[in-house]
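Annotated features in TrEMBL:
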DOMAIN    A:64-114  domain 'NADH-Ubiquinone oxidoreductase (complex I) chain 5 N-terminal'
DOMAIN    A:130-404  domain 'NADH:quinone oxidoreductase/Mrp antiporter transmembrane'
TRANSMEM  A:6-22  transmembrane segment
TRANSMEM  A:34-54  transmembrane segment
TRANSMEM  A:74-101  transmembrane segment
TRANSMEM  A:113-130  transmembrane segment
TRANSMEM  A:136-155  transmembrane segment
TRANSMEM  A:201-222  transmembrane segment
TRANSMEM  A:243-261  transmembrane segment
TRANSMEM  A:273-294  transmembrane segment
TRANSMEM  A:301-323  transmembrane segment
TRANSMEM  A:370-390  transmembrane segment
TRANSMEM  A:410-434  transmembrane segment
TRANSMEM  A:446-466  transmembrane segment
Amino acid sequence: MKLYLALILLLPLLGGTINAIVGRKLPRRLTETLACGMVWGAFVCALLAFAAYRGPETVELASWLAAFDFRAPITLYLDSLSLVMVLMITFVCGLIHLYAVGYMADDPSYARFFALLNLFVFAMLVLVLAENLPLLYLGWEGVGFCSYALIGFWYREEKNATAGRKAFIVTRIGDTAFGIAIVWCFQLFQTVSISQINQMGFLMPVGVVTALGLLFLAGAMGKSAQLPLTVWLPDAMAGPTPVSALIHAATMVTAGVYLLARMFPLIGTSATVQAAIALTGGLTAFYAATCALAQRDLKRVLAYSTISQIGYMVLGVGCGAITAATFHLLVHAFFKALLFLGAGCVITALHHEQDIFRMGGLRTTLPRTFWPFLAGAICLAGIPLTGGFFSKDAILLAVWEKGGGLYGGLYLLGLLTALLTSIYTFRMVYLVFGGEGAHPHTLPRVMEWMLVPLALLGLFGGILNLPEYLGKGWLGEFLATAGVKVSHGEELVLQGIAALVALTGLSLARYRYGGARRAERLVEAEAEPTGVTAFLLNGWYLDNLYRILFIRPYEALSRFLWTRVDEGVIDDSLDRLADGLGRTGQGLGSWTNGRVSLYITSFAAGLALILGWLAWVVW
Amino acid sequence: MIVPLVHVLILAAVLFALGLVCVLVWRSNVIMLLIGIEIMLNAAMLAFVGGAGHWGMADGQVFALMIMAMTSAEVSLALALVVYLHRRKKTVNVDEFNEMKG
Amino acid sequence: MTVADLWTIMPLLLIACGSVLVLLLGAVVPGRYLTGVAVATCLGAALWALQVPAVAALPQLGVALTPLARLFTVVFALAASVTLLLSHDFNERRGIRGEEYPATILFALFGMSVLAAASTLLTLFLGLEALTFAFYILVAMDKGSDRGAEAGLKYLLLGAISAAFIAFGIALIYAATGTLEIVPAMAGAARGIAGVPLALAGWGLILAGAAFKMSLVPAHLWTPDVYQGGPPPVVAFLSTGSKGAAVLFLITLLRPAGLIPALHGPLWWLALLSMTVGNLAALRQQSIKRLLAYSSIAQMGYVTLALLTGSREGYGAAAFYVVLYTAMNLVAFGAVASLSGRDDLETIEEYRGLGYGRPFTAGVLALALFALAGIPPTGGFMGKFFIFAAALRGGEPLLAVLGILTAVVSVYFYLRVVVNLYLHSVTAEITANRPTSVEIVPLVVASLVIMLLGIYPGPLMAIIEAALF
Amino acid sequence: MEATLFYILAAVAVIATLFAITEKHAVHAIVYLVTSFFALAVVFYLLGAPLVAVFEVIIYAGAIMVLFLFVIMMLDLGHPEKAARPGMGDWWPALVLGAVIAGAVVVLAASRPAAMTAGVSVIGVREFGRALFQKYGIAVEIISMQLLFALVGAFYLGRRRPSPPAPLPEGEGGRRPGEGGAAREEETV
């Protein structure tokens with residue numbers, strides 16, 4: 001087991017290092033093979049570890065940090081949660097690597113790209129497998145760094161570099177809270193081992209656990225783009241599409257969920273923290289879904305949908321439903337990777353067009369992309385019997401089970417979000433693939449092939465953890481967490497409601513964007529926002545009634561949330577804070593006015609203050 | 001010891017403060033500024049000599065001598081720099097050397 | 001003084017003889033060969049310090065190669081040799097010639113090693129003054145620029161004042177305790193519940209003087225000007241060796257008796273002000289050298305935070321950070337020096353696109369900046385981690401949290417430079433200098449140290465731990 | 001008797017220093033300062049440090065002050081009417097800071113005075129010399145290095161720039177007879 005675990009970590013690291021150092025000198029094929037081979041090798045090791053898995057295991061690889069009575073060796077911890085994560089990460093990342101071979105075919109800086117991609121996988125694996133908090137933090141920051149490098153360094157334009165920096169700095173806010181939590185944990189428990197800390201939670205007063213939990217939550221907010229630290233993620237679309245897939249589906253953003261799940265035995269003992277987590281997740285899910293409704297950029301729609309889905313997972317964790325959250329995490333990893341990769345295909349085929357209102361007709365011209373993409377879309381929308389349906393439902397079920405005012409409200413919010421999800425998903429599908437459009441150019445085969453396994457996994461991911469009335473939930477048993485106990489009837493009713501909601505969303509979207517209406521929407525989209533009123537005069541009363549009653553408030557709300565809250569308040573307050581700090585700094589800088597006399601006076605004033613203080617203390 | 005140590009130290013403190021005042025006031029003349037530093041160092045020497053007398057050990061006196069030697073090195077370099085800068089800027093006002101700021 | 005004594009202080013003698021030798025050789029040998037002699041001296045001293053067994057303080061000598069002194073002699077000697085190598089080609093480009101330069105670098109190193117090994121207040125003071133004195137000369141060494149002389153004057157005036165402060169402070173401590181041996185003197189100063197008042201006054205003066213040497217707010221104002229005006233290789237050494245020596249100065253004085261309670265307040269404010277003022281003032285700084293100057297003010301604030309705890313752990317974190325900081329700033333200023341040709345690359349805009357035009361130099365510069373920002377897996381993260389951990393455990397949660405917050409703010413300006421390095425340059429032609437092989441070697445070595453300390457800090461920490469015992 | 005002399009000399013030193021720092025004419029200031037240093041030298045003698053007293057006269061009042069005078073004359077600064085004088089705005093902060101510092105040190109020094117040690121003898125030259133060259137032999141070496149480098153630095157700065165930064169024909173920075181006149185005096189130590 002030790003060998004497997006070491007190899008899982010070392011292979012991507014090795015690939016990344018080799019490519020970083022000599023990648024540019026190697027032939028292109030070799031670089032690509034190396035990068036992909038290392039990740040798939042890690043996947044094979046993960047499979048072997050899975051085969052050999054008998055129970056939670058701690059493996060110490062080397063001593064790493066030791067200062068005075070502080071010890072943090074490189075210790076890996078493999079339990080069912082981390083094992084499942086490792087399998088998912090290596091598999092999805094392996095597919096993304098292969099896809100990237102096709103996507104990056106024309107790019108000269110492929111060596112750096114693959115090196116960073118491999119390092120990214122390595123950092124994520126460290127994060128997942130770490131047994132102690134400093135090691136986890138190392139992976140945590142490594143993921144942040146690689147994402148910064150991948151988002152920002154790519155297109156060499158100021159806009160994208162700024163996006164990378166924004167991602168880095170916003171997530172850094174959360175990281176800081178997390179860092180404080182780590183040091184505080186050490187101070188409280190005299191150890192940084194996660195399993196030990198988790199066992200000692202009951203020793204601490206609830207207030208302390210609550211504070212710790214909130215700090216961890218803040219860390220997760222940053223990395224998983226939860227409210228109010230969501231702003232970096234949509235901008236992070238500046239990177240190349242495989243990176244988006246990597247960040248959004250398999251790795252970075254799920255880190256926050258993983259952290260909360262990992263620390264749940266500790267922080268879950270505080271009801272306040274649970275409620276805060278659930279609330280954060282629920283609100284984020286709803287907020288991002290409304291935002292997604294008004295987007296025009298294909299990748300931004302997907303970005304907001306990621307935020308929304310991560311919100312679901314956080315909501316699940318907040319209800320104590322670790323299994324459900326993990327389940328959704330896995331299924332989401334499959335279908336979101338699928339959607340991003342599919343979007344990458346679409347965008348490449350359309351010469352880097354990202355506006356969904358300028359697309360169309362791809363159903364016939366790009367069928368090998370369309371069908372997998374559709375599979376991903378129905379998973380995302382939660383159409384019955386897909387993997388997404390079961391996993392999302394498991395979370396909603398858990399929320400429902402919690403009962404009470406808060407969780408009842410969150411359940412309704414979750415349902416509403418599911419409706420919105422369904423609407424924006426099919427809006428996207430209809431706009432992108434429906435209607436007529438120009439002929440796209442052909443894609444590298446490898447890109448489209450990668451979609452197929454993901455589509456299958458997404459569609460049939462439900463088998464991983466079937467509801468009880470259909471048989472045993474494998475994942476629930478494997479993770480060995482207390483599942484939610486409900487009667488079959490209740491479960492069926494709830495699933496029926498969820499199915500109904502999803503189908504309603506589908507039909508609403510079809511009504512507005514399907515068939516002939518699609519063209520109208522396109523015309524509408526051409527006009528300026530004020531053109532909407534002009535369109536009113538043309539007499540589509542029914543549609544307008546519907547607009548006024550239903551869609552318009554939502555569009556207004558979502559536009560409001562997106563432009564005002566997201567870009568206005570949250571972005572703006574950060575900007576204003578930065579600006580204020582900058583000004584203060586400038587003021588402090590002008591203290592150094594170049595005149596020695598002031599320097600001496602300031603120096604002497606310092607001395608006078610120190611001596612004055614000492615005299616005052618002694619006197 | 002002919003007087004209490006405290007009295008010596010008070011004298012030293014007063015001289016030290018006078019030297020500092022001189023440094024703070026004479027921004028227009030770097031020579032006077034350096035003189036102020038000399039006064040401060042003399043105060044330090046006085047404190048050392050007083051301490052040496054109080055404790056009956058020669059260490060303080062050695063330190064005082066070392067300060068003297070160090071000062072002469074520092075002064076010679078400072079004056080060389082002043083001459084060097086004066087050759088370029090024709091001024092001894094330290095505040096006029098403010099090319100760098102911010 | 002016996003032969004055995006001589007043997008233990010051999011590193012000091014080597015450096016002193018080396019610097020005089022360089023001066024003498026300057027008369028007969030062309031200047032460019034002298035760098036080799038000087039580097040050989042540094043490395044020789046470092047090797048000797050490594051192989052000599054550490055000894056306890058020898059009362060009759062005033063210096064002793066304690067474990068801590070050995071460690072720092074090696075660090076300073078390596079820093080000096082890196083500086084010498086970095087300045088070799090730089091000085092050619094700038095027309096700084098003659099034997100004075102390498103000799104003075106060696107003299108500065110001499111001062112640092114004396115300070116590291118000092119066992120009496122007199123040798124400690126003289127070591128500190130000797131190294132500061134060497135930097136007065138070095139900063140003004142570039143006679144081609146007006147700024148160099150201006151920076152030299154500013155540094156000298158403030159340095160002389162701080163020398164007066166420290167001298168007076170030591171005088172008061174001597175008057176209060178009657179000895180110049182560091183351990184009994186500092187222990188005597190801390191006698192009683194709150195220390196001897198007279199010695200406390202001495203401590204206050206020393207603290208103010210040390211604040212200047214470490215460039216802590218409000219005695220920091222010289223730093224940006226001197227960093228901007230001095231030749232970059234000299235600034236690399238000034239910001240590392242002399243800062244490190246100043247920290248070591250404080251550690252040496254604090255260790256025998258711990259922190260006197262009354263001093264906690266002043267140190268607290270020094271740390272807080274340095275962290276905030278340094279990081280905030282750097283936010284909008286356009287000149288990279290001034291930016292690094294403000295950054296070094298902030299970094300010294302973190303070190304003060306560690307010292308403030310008065311615990312062995314805090315001193316250990318501070319010593320670790322000093323070693324690390326030496327590597328980081330040597331790389332940062334070394335890269336600036338290597339990129340500068342006839343004139344310095346001044347504003348951040350001038351660094352635009354260098355990531356593509358000068359990949360090596362820009363790469364190490366980016367690495368150093370990441371490390372300064374404290375981003376794992378560079379050493380900067382480890383250093384900050386140890387400091388904040390020590391501060392939290394030493395009972396300084398408020399200051400630690402404030403420090404972490406300022407560290408977050410600091411990420412912004414470090415990344416601003418990195419982003420500029422990797423932006424497409426508007427002007428296609430890159431005027432920055434190409435790194436020469438003499439510059440590449442020390443930069444690579446120092447960069448490796450940064451990475452190594454980030455990934456595997458254990459051994460160094462163990463050495464420091466043992467040395468502080 | 002000796003105590004009275006001490007207080008008288010202390011007053012002389014303080015008053016002379018006061019005159020020195022308020023004097024607008026630099027040369028006059030130096031003269032006042034020399035007076036102050038003479039008084040201090042006698043104080044040193046009274047405090048049992050004859051050797052330091054002698055050095056104070058020779059080095060401070062003699063060499064260093066002469067060095068100052070030398071530079072003042074060299075730079076032709078002997079015209080007080082041309083020089084800017086510090087105004088009231090300069091004096092107030094300086095006086096406040098000085099008063100705070102002096103006051104604080106005095107408060108701290110006087111708050112718990114150290115006990116008088118009885119009957120301390122004058123430290124003789126022999127004892128002083130032994131301390132200097134045996135106990136602090138290393139310190140003498142350090143200071144000698146520093147003096148050497150004072151010479152080097154002053155020499156370097158005083159030397160006219162050899163040539164603009166272009167490859168030198170002879171390969172080595174021309175070592176001309178430097179006119180670093182300011183640097184000569186420390187050989188008296």
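A Cβ is built for glycine as well, from the same backbone N, Cα and C atoms used for every other residue.
As the structure is a computational prediction, the values presented were derived from the model and not from experiment.
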Same-chain residues at least 6 beyond the ends of the transmembrane segment (A:370-390) whose Cβ lies under 8 Å from its Cβ atoms:
305, 309, 327, 331-332, 334-336, 338-339, 342-343, 346, 362-363, 418, 421-422, 425-426, 428-429, 432-433, 448, 451-452, 454-455, 457-462, 464-467, 495, 498-499, 501-503, 505-506
Over the span of the domain 'NADH-Ubiquinone oxidoreductase (complex I) chain 5 N-terminal' (A:64-114), how high is the average pLDDT in this prediction?
79
Count the Cβ pairs between the transmembrane segment (A:34-54) and the transmembrane segment (A:113-130) that lie under 8 angstroms and are 6 or more residues apart in sequence, then report whether there are at least 3.
yes
Same-chain Cβ contacts of the transmembrane segment (A:301-323) under 8 Å, 6 or more residues past its ends?
81, 220, 224-226, 230, 233-234, 236-237, 244, 248-249, 253-254, 256-257, 260-261, 264, 268, 274-289, 291-292, 295, 329, 332, 336, 339-340, 343, 356, 380, 392, 394-395, 397-399, 401-402, 407, 410, 414, 417, 421, 424-425, 428, 465, 473, 475-476, 479, 481, 483-484
Cβ under 8 Å, sequence separation of at least 6 from the ends of the transmembrane segment (A:243-261): give me the contacting residues as numbers and ranges.
81, 85, 88-89, 92-93, 96, 99, 117, 120-121, 124, 127-128, 136, 140, 143-144, 147, 150-151, 154, 174, 178, 216-217, 219-226, 233, 236-237, 267, 277, 299, 302-303, 306, 310, 313-314, 317, 322, 325-326, 329, 332-334, 336-337, 340-341, 344
Do the transmembrane segment (A:446-466) and the transmembrane segment (A:201-222) share at least 3 Cβ pairs under 8 Å, sequence separation 6 or more?
no
Are the transmembrane segment (A:6-22) and the transmembrane segment (A:113-130) close, by which I mean at least 3 Cβ pairs under 8 Å that are 6+ residues apart in sequence?
yes
